[in-house]
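Asker: The structure follows.
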Amino acid sequence: MTTIRQRRVGKGTEAAEDQPSEETNVKQDEKIPPDPPGGRLWNILSKTVGGIVAITLGLLTSVYVATLHENDLWFSNIKEVEREISFRTECGLYYSYYKQMIQAASIQQGLHGLVYDNKTESVRTINILERMNVYQEVFLSILYRILPIQQYLEPVYFYIYTLFGLQAVYVIALYITSWLLSGTWLSGLLAACWYIANRVDTTRVEFTIPLRENWALPFFAVQIAAITYLLRTHLQPAQERLTLMIVFIATFLFSLTWQFNQFMMLIQALALFILDCLDMLPTAKVTWLYIIQISGLLLVCVLQFFNSMILGSLLISFNVSVLIARTIQKNLKKGGLLNRLGKLILHVLLVLCLTLLINKFIKKILNLESDEHIFKFLKAKFGFGATRDFDANLYLCEEAFGLLPLNTFSRLSSTLLFYVYGFVLFLLTVAAVIVAFRNLSITLLFSSISGSNQVQLKEKMEEYTVTLKPDAAYNLVHTVLFGCLALSTMRMKYLWTSHMCVFASFGLCSAEVWKLLLKCLHLYTSQRTQVIKYSIPIITLLYISFKFWPGIMDELSELREFYDPDTVELMNWIKSNTPSTAVFAGSMQLLAGVKLCTGRTLTNHPHYEDKNLRERTKQIYQIYAKRSPGEVHGILRSFGTDYVILEDSICYERRHSRGCRLRDLLDVANGHIMDGLGENEPDLKPSVYPRFCEEIKKNLPSYTMHFTRVFQNKTFHVYKLAKHK
C-alpha cells in the first residue's frame, strides 16, 4: 500500500463593458451608443489590466498545483521507479505510451509500436491509437524529441509541466467566461479565487496528472468561453467566424483527449436543444454548434482509425436527429401558446424516436458493443432492475461513481461559493421561466401588430419585463444539467464545480442580476445597482483572502515524501528476475504500473472501453473467486500468462462493505454464496472449492503442480505458472 509520510531532513473597479440588454434573446441588433469622452481609453486600460490579472492568476494556479505535487511526493528526489509508481492505475498506462515513444529508436518506430501493439493485451495485437485517447502523449513525445531540451529537462518533467501549464489555460478560460457574462473582470478574478480556494472539489490534477480529464477540461472551458462570446449580440461577421473557429478547435481537442467526450457534449447538445425550443437562442448559431460537435467528433473518429464507439455515439445520433426534425417541422416557432406547446411536444418525441432509431441502426451495422457496460451501469444505478452483471456492479461499488457526498456542499459553503451559487441560480431560473413563457406566447401577439408598432411595443415591454441574454441562458442550463450529472456521479463533479465558480461570480458581479432583484424589492436605482455590483464581490474576495490564505500557505509549507517500498520491491524484482517477454496477470490497476515500470506484457489493463477486454478481465479475476486450481490455471494459460500477481489488499479486502468487495462481485456473478455474515439471494449456492487466492498460500499439492511461488512480500505474492502440454 502507498502511504505519504513526513519528509526526513537530509534527503479597483472599472466601468462595465457595453452589453446592451435585449427584450428577447433573438432580438435584432441595435446601435451601440458611442463611448463618452475618455471612455475608449478607459475600456482599453480596463481590458489590459483584466488580461494581465487573468494571465497572472493562471500562472499562479499552475505553480500552485505543481508545488503541491512536489511537496506531496518529493518528486524531484525520489527514484525513477517511484516516480512511475506514483502514476496510479490508468494514469500509469497512459504515461507508459509517452515513455514508449520517447525510448523508441525513431518516431516512425514508436508510432509503429503503438499501431501494432502486442504488449498491452497478451496474444492480441491492438491499435493503441484507435483504442485509446493517447494522441496527446504522442504529440508531447515528438515535441520532446525535436526540441533542444533533453539536456535540461527530463521527459517526466516535460510531461507533468505541460499538464500543470494546462491548468493556467483552464483558469484563464474560466476567468474570461465570467468576465464575458458580467461585463467586468472583477467577476473573473472572483471566479479564479473561488476555483483555487475550492481546489479539493474543483480539480485533482496534482495527484492524477495523466488522467484524461486533466487534458480535456481546459479545452472544454475554452469551448464554453467561446460559445459564451458567440451567443452575444452585435458580433461582426468576422468576429463570428473567428469565434466559430475557436469553438471548433476547442471541441476537437476536447474530443481527442478524453474517451467520455461524447457524453459530455451530449449534455451540452441537450442544453442547446432546450434553449432553442424555448426560443432563447438564435437558431442559426445553435445549428452551427450542432454541426461543429458532429464534425469535431468525426474528425477524431478518422484520427482514431474509425473508432466504432465514436460512430455509434448518442451525440451524433441526437444532433443528426435534431437537424432532420427541424427540417420536417419548419413552422415550429409560429402560432399561439397552446399551438406551440403541441408542436414542441411533437418535436421532442420526434427527435427522441429518431435518435434511438439512428443509434440502434448504426450499432447494428457496426456490431458495436464497446459502450454497453455504461448503459448497464446507468440502468442499475437509476433502479431499472437489479443486476448481477460484473462490470455494472464494479462501477456501482466504486465511490467515484456513487452519489455526490453531502460534505462536498459544506466545503463549498465555507468559501460562500455554494450560497452565492444557489442565490444566483434561483434568480436566473425564475427569470428563465418567465422569458421562456413569454417567448412561447409572444409570437401570436406580434403577428397581429404592424412592423413599426412592433418596435415600440418591444421597447415598452423592455422597461417592465424580465430579460435574459442568450449567453446567460446557455450558462444557466449548462450548470443545471452538469449539476444533475455531478449529483448522480461524484467523479463528474469537476465539470460542475469549476463552472459553479464562473456562474456564481457572474451573478454576484452582474448589473442585470442585481437590477432584477432590486426591482422585485422596489429598491432599484442605477447608482445603487452599480455600488452593490462592485462592493459585494470585493467584500467576498476579502473574506476568501483572509480566511483561506493562511491555510494555503500552511499547505505549501507542508513537506512529505512518496513511500511504497512493497511496490518498488515488486517492480525491481520483475525487471531483474523475469524475461522481457514474460506475460503477467493480476488486477488491472497494478498491471498498468507493471507495464510502465518494467515493460512486460499484460493480460488486462484499466482502459475498460472494449467488450473483449471486459470479458478477459472477469476471467483473470477468477484468481480471487472460488475456483479450482486447474480451472484458474487453464484460464490464465489461455491468455498466455507466465506469472500471476496476487494482492492481499484484494484477497482480504475491507475497504468496501459486504456485497461490494471484488470477491463478493465474483461470487455473485459465479452463482456462489458470499463470505461473511449477511443475507444472500436464494438461488446462490455454496461453492465446492475454497477461495483460490487464500488456498494457494497453503502450498497444497493440487496447487503446487500448477503454480510455484517465486516472490512475496507483505503485500504481493507472485506465482509462476507451470506450462503443461
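From the backbone N, Cα and C atoms, a Cβ is placed for every residue, glycine too.
As annotated in TrEMBL:
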type	residues	note
COMPBIAS	1-10	compositional bias 'Basic residues'
REGION	1-38	region 'Disordered'
COMPBIAS	24-33	compositional bias 'Basic and acidic residues'
TRANSMEM	49-67	transmembrane segment
TRANSMEM	179-197	transmembrane segment
TRANSMEM	217-235	transmembrane segment
TRANSMEM	242-260	transmembrane segment
TRANSMEM	266-284	transmembrane segment
TRANSMEM	296-324	transmembrane segment
TRANSMEM	344-362	transmembrane segment
TRANSMEM	416-437	transmembrane segment
TRANSMEM	472-490	transmembrane segment
TRANSMEM	502-525	transmembrane segment
TRANSMEM	531-550	transmembrane segment
Asker: Excluding the flanking five residues on each side, which residues at least 6 beyond the ends of the transmembrane segment (179-197) place their CB within less than 8 Å of a CB in that stretch?
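Answerer: Distant contacts of the transmembrane segment (179-197): 13-14, 16-19, 46-47, 49-51, 53-54, 57-58, 61, 64, 171, 203, 225, 228-229, 232, 415, 417, 471-472, 475, 498, 501-502, 504-506, 508-511, 533-534, 537-538, 540-541, 544-545, 548, 552.
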Asker: Which residues of the same chain, at least 6 past either end of the transmembrane segment (296-324), have a Cβ under 8 Å from a Cβ in it?
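Answerer: 127, 129-131, 133, 135, 248, 251-252, 254-256, 259, 261-263, 265-266, 269-270, 273, 287, 290, 350-352, 354-356, 358-359, 362-363, 366, 368, 370-371, 609.
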Asker: Cβ under 8 Å, sequence separation of at least 6 from the ends of the transmembrane segment (502-525): give me the contacting residues as numbers and ranges.
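Answerer: For the transmembrane segment (502-525), the sequence-distant neighbours (Cβ-Cβ under 8 Å, at least 6 residues beyond its ends) are 16, 21, 174, 177-178, 181-184, 186-188, 190-191, 194, 417, 420-421, 423-425, 427-428, 431, 466-467, 469, 472, 475-476, 479, 532-534, 536-537, 540.
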